[in-house]
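See below for the structure under consideration.
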């Protein structure tokens, strides 16, 4: 909106004093009478004096065109005000008047708009775009918490605790959480609240030259959403099977003629057999191709439908769904914590939780793992935090919100850690018991056949504590008999069994499934376990889907009028693309992405997000804008962290991660159907090429966008950042006024969102 200063400068160009035309000094915020004054200025005597001045640089025609342009902008400002007033009236007082909306609209126009001013229908649809809000602050915080509580991050935290120094890892994690985690979480929350846009639009506004990071974040979020949907399908498949008694992964299936158990299952455990052969129908290697597994296609479609049910009814419904999902997950988790500490072997597992290795503090890999865990556990870089925050009113508590979400995430991990260690201790104890029972049966047969001497006969009654009874008997044998016994049966060691825990999320899934089958009432606890996993995965997927939908709406403005239809289309596209991971080799591709790919683009995205604020706008400018918006200054410590320390930490984290991955063998666990065992295989060369090609593709928008802005002369700093943003308090929680059409001749990028001069309301 042009102010009186632009009018005065126009008069100065023609050599006229501003005082000669007092009518034109009307401000843009004036009412309809102001427009009349501006119109009368065209025919005022002062205007004819312009022709007599030799110093005039503009003709009368040009000057009149300038005034007419000013009048047009003022009319459009009034139109914006009228549309905002109508939206507020309809939302706030839907039943306050007996007249219909069709009858009320002309009354408003007659009262607020100048005579003969009409706003085209096309412009109305482009000017007034509704942006939904969370119903209250609690729903917003629960949505952020639910998004960050992903099962893979919870398991990764416990694995790193066990293998990276125990309590020392926890201390390093808390240190990095406050050093880089909370400031970066605050950055994304503040950017989302301030800009009221999705991930793509936010970074274009903050710094157009670094706007490509939004596209990179969108692609990473979309790819992760594809295989997370498939993981949800696995959970739904197990959940549907947990209603049987006994659960199908507790015992091997019988042959068709009921003559015995399936020989492939007899060579392994029922849990592994059910996972690889019944659920995944896994191939022997990633190179063995095949069509999508039909038994997983239906759960995948059901997971997509659940997302649609949770999201299609609007943000207020989604907020209530998130409240149920997050609260129920926490309640079930508490039940498991109480039940797990009462299991046999829980004390043995909790013992490993209390181990502290001081030497780990000097290990670079421990710091690297803790740093990556901070970024992944908070869900930074995917754009979901930004999109969730864009639906909340700007307030002075944004930093407090970041601290609350980070601490809630930390508490959830601290709550789930004793549960996981207790269950794994119980799992290792039960497997050791079964190993000793199997050894006892084998030794008895060997003694009866005369292969072993009578001294090697074990005790037949192992009721109570098989491991303790068998170990006491074995230690009482002489050394020659011990060697002869161990030549026929393996040694069952509880500690070795516990330390077989692997980093793979598949292992955690299988270990917990097997442990649930050992607990009395396995059907109930299995159902409860998969229900908790389903709630956690759906909470994460809702955040990811919100980021995907909001980002696409930044690119395709017209689809905002058809949000439900557009959401259905996106969900169907994700279902079709997700079928790739339901093939027999699909789980191997998921392992490739989760173990060796995702962390690299996430670190790169976070680095450029920090640069967008630090170098494009300067952290001080960002804080000054936040201080003006919230009414109080920000803490200088966070400014110092953003400006100096966090960029260095992120750079060191990226270098150490790349170095570690370069030294690591790119392998995966595959199912060998001939031996019914898991074997380690090397990823083929084309798999590594795919890995690097995919990394290059998702990062490519950053340099391409940078070159585009440079060649087209687009300013490094966004000109629209300092323009006023209409406060969310001007409209009810269901609406926000977002002007899209640009009035001035300023182009940000072709095909992108253009920020218009906004009227003062």
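Backbone N, Cα and C atoms are what each Cβ position is placed from, and that goes for glycine too.
Where the annotation comes from TrEMBL, it is an automatic prediction and has not been curated.
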Of 479-506, 507-534, the range TrEMBL labels transmembrane segment: 507-534
Stated TrEMBL location of transmembrane segment, expressed as one of 374-392, 431-449, 450-468, 621-639: 374-392
Residues flagged as transmembrane segment in TrEMBL, choosing from 268-287, 348-367: 348-367
Transmembrane segment range according to TrEMBL, out of 104-128, 404-428: 404-428
Neighbour tally for residue 536 (Na(+) binding site), based on other Cβ positions within 10 Å of its Cβ: 27
Residues within 8 Å of the 146, 377, 409, 536 Cβ centre (excluding the Na(+) site residues themselves): 145, 147, 148, 149, 150, 153, 154, 379, 412, 539, 540
Which same-chain residues, if any, lie at least 6 apart from residue 146 (Na(+) binding site) yet have Cβ under 8 Å of it: 322, 325, 326, 329, 536, 539, 540, 542, 543
Segment proximity, the transmembrane segment (588-608) to the transmembrane segment (348-367), 3 or more C-beta pairs under 8 Å: no
Long-range neighbours of the transmembrane segment (212-239), counting only residues six or more past its ends (CB under 8 A): 198-204, 279, 295-296, 299-300, 302-304, 307, 381-384, 509, 513, 526-527, 530-531, 533-534, 537-538, 540-541, 544-545, 547-548, 551-552, 554, 574-575, 577-578, 580-582, 586, 589-590, 593-594, 598, 601-602, 604-605, 608-609, 612, 694, 697-699, 701-706
Chain-internal residues near residue 377 (Na(+) binding site), provided their CB is under 8 angstroms and they sit 6+ positions away: 148, 150, 153, 156, 157, 409, 413
Contacting positions for the transmembrane segment (322-342) when only residues 6+ beyond its ends and CB under 8 Å are counted: 138-139, 142-143, 145-146, 149, 350, 412, 415-416, 418-419, 422-423, 426, 519, 525, 528-529, 531-532, 535-536, 538-539, 542
Contacting positions for the transmembrane segment (588-608) when only residues 6+ beyond its ends and CB under 8 Å are counted: 152, 184, 210, 213, 216-217, 220, 223-224, 227, 230-231, 285-286, 372, 375-376, 380-382, 503-506, 580-581, 647, 650-651, 653-654, 657-658, 661, 664, 666, 668-670, 683, 687, 691, 694-695, 698-699, 702
Per Cβ pairs under 8 Å, the stretch of 293-315, 374-392, 404-428 packing most closely against the transmembrane segment (540-558): 374-392
